[in-house]
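Report on the structure given below.
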Amino acid sequence: MIEAFFSAIPLMIMLTGVLTGISAALLGSFLILRGNAMLTDAISHSIVFGIIIVWLLTGQTSGPVQVLGAAITGVLTVVLSELLARSKLVKMDAAIGLVFPALFAAGVILISINARNVHLDVDSVLLGEIGFVWLNTVALLGVDVPVAVATLGAVLVVNLSFVLLLWKELKLATFDAGLAAALGFLPGVLHYAILTLTSVTAVAAFDAVGAILFIAFVVVPPATAYLLTRRLWLMVLLAVGFAVAAVISGYFLALHWNVSIGGMMASMTGVWFALALLFAPAQGLLAQALRARSERLDHDCRTLVAHLFTHQDTPAMAEENTLRALVDHLRWPAPRARAAVLRAHDRDLIERRDGLLSLRPKGKAEVEAIFGRSDT
Amino acid sequence: MSAIIALLSSDIVQTVLIGAALLGAISGMLGTFAVLRRQSLLGDALSHAALPGVCLGFLVAGGRDLGSVMLGAFVTGALAALIMMLIARRTTLKTDAALGIVLSVFFAVGIVLLTVIQTQGGSGSLGLMTFLFGQAAAILRSDLWIMGGVGLGALVLVLALWKEFKLVSFDADFARSQGFPVTLLEAVLTVMVALAIVVGLQLVGVILMVALLIAPAAAARQWTNSLGGMVLLSAAIGALSGAGGALVSATTRGLATGPVVVLIATVIVMISLLIAPGRGLVWQAAATRRARARISDGRVLATLQGFAQMHDDARYPSERGMLQVALGAKPPAATLASLESRGLIRSVTHPPETTPHWELTKAGHSEAATLSGTDHKKQSSE
């Protein structure tokens, strides 16, 4: 039963993706809230350098030494960038942009020089080979489990414990680093802990999705979740959900169109993001447009009732308190005037009496609120 | 030597060198504005976002046609820039998250399209992979005209809008208050980042393009304080890195051009950061050292002067231990030696003690008086 599960290739590919997605989304939620998304970019490029250096030193392309090497390279990238920026010779963004391409370029050159001896090649650096994760297995408790699944499973346990155990500290350090420091929570240590774990996760996910697609899993699902909620725990949960959904839908679409599995999974994170960007209930572009329209209508309503009030019971009333006057005197286009009258009618602010528009009690109250009840 | 001359007289090598130098110069020139406006990482995001455009251009043209590939890269790059700005302005997501989203999603779509092209097969699909890491050797003589045209266009744009770009790069708020169309100018500058990326792609590829944008500008910044000088120097460094990288990768089997160009540019940056006059780290360290020595000299002189005044003896001999008590730390032997060699203090023996003592010379007294001029007046007025 268990053996059948671990030898089912599609399941293993999806499991690898799901483990990657969850591990990345857990950390990514904090990274994007802290404004460190582009550090992930830098880290995931430069660990290529760490991987090849560790290989040159030890001959290993995976395992604990490799994880350690990647973690060191990842943190080194960030430290070097921060040192460079602190020297005031270049700005922080340029510092990041100088350090990681240099390390990445050095890594790629070392790979090409040693191409015949190492199974890493430039393609797998970029794309990963999630379709082949099942080729490389390890026996765990008598069951052959793909190495990637075992490593990523371990990484997930570490990341999950980190987030659960340090939840309060992470939350505080993310939203109020100053207070966290004052309370003695060492936000700097947490910062580097998150970045170290990101490097570790990146190297574990490397075989599966490659350097650049890893960034999609770190950044995009948490950003999608952030558009939907302001609660941290819900955001993390939603991020995990979007990552899993992207992995599974991406896998089937990739099979259907016969394209890169990792690429399709990462593309799907973008599809969820685009949907959230358009249709999120409060923050979505559509909701924003509707809100802006509704605010404009309310504003027109206020102008309308003010206009009616000014001319109420005056000789000009017959001429002014009509739809025509709104078009002629306020210079509103006819549809805008009609929409405002309808809206005011719906809100029970005005009524139509003897062919004229006049204020209802609620409309009078609104005018008084606008003019500040000067006449009572 | 003759081997190099033979190599340089080859038509293909000439094409590659001219092309690489041209591309490096254009990217260096346009990168200056990106770096000054802190848009370095925008360059990174847009260059990754150019990949789907490269693939689309390839699919539409049915082959590696430079014009359509560049157009495709430009279109998706510009689209990515628009989406980036939309996310950053209309949602509460931070700019770096917006950059990360655009970068990774566009690149993922590019990877998907890349596999579409690969499964279609054809002889040209191999050439497409060179857009990931750049391959100067793939530059054709006919491509030079396109590159030259784009370069000329960029140059004309920079020269025509020189004053505006300068103002927007250094003080956008002031520019806005003076009635300049800042948003439009910023859009033009962003488009130019995309343009720089498009021209540099052939040379260093989408992944390392950010370095060709930043490194020449960051290196040039260390040597000059004028925008004109920075643009020229950055273009020169870009051209040098491009041509150097092309030459190395053309003469070495299996080395993609991009990483070599990037490493050359990085070395130039490191040298500039270290030794550029005025700003360089070595320069700064020397200046700090000089300042520290001056302060330390002054403190020793002032202390000796204080002892002399206290004892009403202009030639009062002070022992090193006394200086330590007064200064809170033992004065370094080097400081004492340097002061002695400059004739400001003199080492004397003070029997019955055997340790060396120091007293101020006449020159030392006047130097101490100038250094502590204000202190002296304050003391006398008290």
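Here the Cβ of each residue, glycine as well, is placed from N, Cα and C on the backbone.
Residues annotated as transmembrane segment in TrEMBL: B:12-36, B:45-63, B:69-88, B:97-117, B:145-162, B:182-215, B:227-248, B:260-282. Residues annotated as region 'Disordered' in TrEMBL: B:349-382.
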What stretch, picked from B:12-36, B:69-88, B:97-117, B:260-282, has the most CB pairs under 8 A with the transmembrane segment (B:182-215)?
-> B:12-36
So, does the transmembrane segment (B:227-248) come close enough to the transmembrane segment (B:12-36) to give 3+ Cβ pairs below 8 Å, pairs being at least 6 apart in sequence?
-> yes
Surrounding residues of the transmembrane segment (B:227-248) on its own chain - C-beta under 8 Å, 6+ positions past either end = 13, 16-17, 19-29, 31-32, 36, 136-137, 158, 166, 169-170, 203-204, 212, 215-217, 219-221, 255, 257-258, 260-265, 268
